[in-house]
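Quick look at what TrEMBL lists:
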- 442-469: region 'Disordered' (REGION)
- 6-30: transmembrane segment (TRANSMEM)
- 57-76: transmembrane segment (TRANSMEM)
- 96-116: transmembrane segment (TRANSMEM)
- 123-144: transmembrane segment (TRANSMEM)
- 177-194: transmembrane segment (TRANSMEM)
- 214-235: transmembrane segment (TRANSMEM)
- 267-291: transmembrane segment (TRANSMEM)
- 312-331: transmembrane segment (TRANSMEM)
- 337-359: transmembrane segment (TRANSMEM)
- 366-388: transmembrane segment (TRANSMEM)
- 408-429: transmembrane segment (TRANSMEM)
Amino acid sequence: MPALLFTVGGAGFFPVAYSNLVWPIIFVFLPRLWSVSRRHDYVTPADFVRGRYGSRVLSIAVAVTGILATMPYIALQLVGIQAVLDVMGLAPGESAWARDVPLFVAFAVLAAYTYASGLRAPALIAFVKDALIYLVVIVSVLYVPARLGGWGQVFDTAAKQLPQTQGNTVLDPASGVIPYMTLALGSAMALFMYPHAQVAVLSTRSRTVVRRNIAALSAYSVALGLIALLGYLALAQGLTREQLGGNPQRAVPVLFAQTFPSWFTGLAYAAIIVGALVPAAIMSIAASNLFTRNLYREVLRPNATPAEETRVAKIVSLLVKLGALVFVLTLDSSNAVNFQLLGGVWILQTFVAVVVGLYTRWFHRWALLAGLIAGMLYGTVTAYAQSAPGRPHFAAQTAELPWLGQRGYIALTALLLNLVVASVATWLLRALGAPDGKDETAAGDYHYDPADTAAPQPDPGPRATASHQ
């Protein structure tokens with residue numbers, strides 16, 4: 001995010017907007033998903049889709065989409081680690097291969113981190129990660145502006161620097177509103193569709209805890225806004241794209257190196273690396289569990305033992321990280337937020353089957369599959385067609401919106417196509433009398449909470465009164 005503000009200015013604040021939008025959205029539907037999943041022992045969103053629509057094929061499609069969409073999200077974390085290692089001097093030269101050495105080191109660290117310890121390692125250091133990040137961010141937004149003359153001076157300097165990178169400190173109302181709104185809304189709708197996010201919610205102990213945790217997470221938006229401002233601090237420090245070797249991802253590590261004493265710079269680098277390692281590990285493990293549960297055990301090896309599933313999950317987790325590495329190597333990583341946005345284009349296509357399915361069973365299972373495929377194809381082809389100087393493909397995740405004359409997030413237009421195809425196909429299939437799958441859920445399952453169905457305590461009866469002589 002800081003690299004985004006360093007490059008485009010105010011338009012890069014859209015993650016702060018989506019982090020505020022996401023909480024009321026998920027506050028509505030995640031408790032329903034938790035309830036029906038707890039009632040039927042669903043562990044993944046693909047489990048719910050199979051139970052709701054009675055379709056193994058649709059369930060597999062949702063699982064494959066989740067695995068694919070997770071890869072560019074992990075790639076985003078790899079780019080963050082790569083930037084720190086690059087600034088630390090791990091690149092042995094200026095050749096293309098030498099510049100990728102920090103990336104391979106980042107991949108090796110992530111692979112070893114998760115292969116040896118699984119989910120235990122990220123769970124154990126999650127608190128340390130949060131503490132380090134908050135410490136570094138708070139010190140940065142207090143110390144660096146004071147050193148540069150205050151926040152007023154920071155914004156003034158950033159405003160002068162940004163025209164060199166074709167940005168502005170505030171959003172351009174003429175051309176920037178629609179892209180900003182669609183990116184914020186689409187990203188908010190996509191965020192909790194990822195396997196790692198939904199699995200984390202499904203593992204909580206009660207429906208009330210789900211709601212309470214969602215309400216508490218809104219504080220994360222404040223931290224995200226402060227992290228974003230590091231991009232303006234880098235501009236105020238006088239850093240330019242040329243000084244960063246054309247890679248704005250290096251802006252924050254270089255800012256820390258130029259501003260803080262060496263011991264705190266090392267602490268800040270550790271915060272960035274750990275802050276990327278933990279979510280990347282959880283994402284890859286969630287994707288591998290999705291494969292073992294909804295593809296391997298469901299289709300390939302129904303009689304697989306738990307030990308075999310664990311072994312396969314480790315291998316698939318490594319393959320998912322390899323997929324993320326391929327994204328970094330083959331796509332432009334200087335605008336790394338594109339990785340997350342590309343993942344959003346894909347994962348948002350499961351929204352109809354999962355989230356809409358929590359409220360209605362009207363859609364036909366084959367129609368949902370057709371809509372998912374249509375949205376995936378349109379989103380991928382449209383994203384592939386976006387180009388920029390030096391970037392022939394996947395240069396942006398926004399495209400021209402029909403009839404509006406402005407660009408918008410591809411994920412939302414793909415989702416709209418998904419809905420239209422699913423709706424029309426449902427009407428046609430119902431008219432043709434095509435067989436539909438069996439829904440194993442009931443209306444009450446979506447409000448189920450074991451705490452509400454606990455056995456009542458026996459009535460102790462009237463109190464005995466003691467007589468006094």
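Note that Cβ sites are derived from N, Cα and C of the backbone, with glycine treated the same way.
Note that the structure is predicted; figures quoted are calculated from it, not measured.
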Determine whether the transmembrane segment (177-194) and the transmembrane segment (312-331) share at least three Cβ pairs under 8 Å, counting only pairs 6 or more apart in sequence.
no
Cβ contacts the transmembrane segment (6-30)/the transmembrane segment (214-235), at least three under 8 Å, sequence gap 6 or more:
yes
The transmembrane segment (267-291) and the transmembrane segment (337-359): do they have three or more Cβ pairs under 8 Å, with pairs 6 or more apart in sequence?
no
Between the transmembrane segment (366-388) and the transmembrane segment (312-331), do 3 or more CB pairs sit under 8 angstroms, pairs being 6 or more residues apart?
no
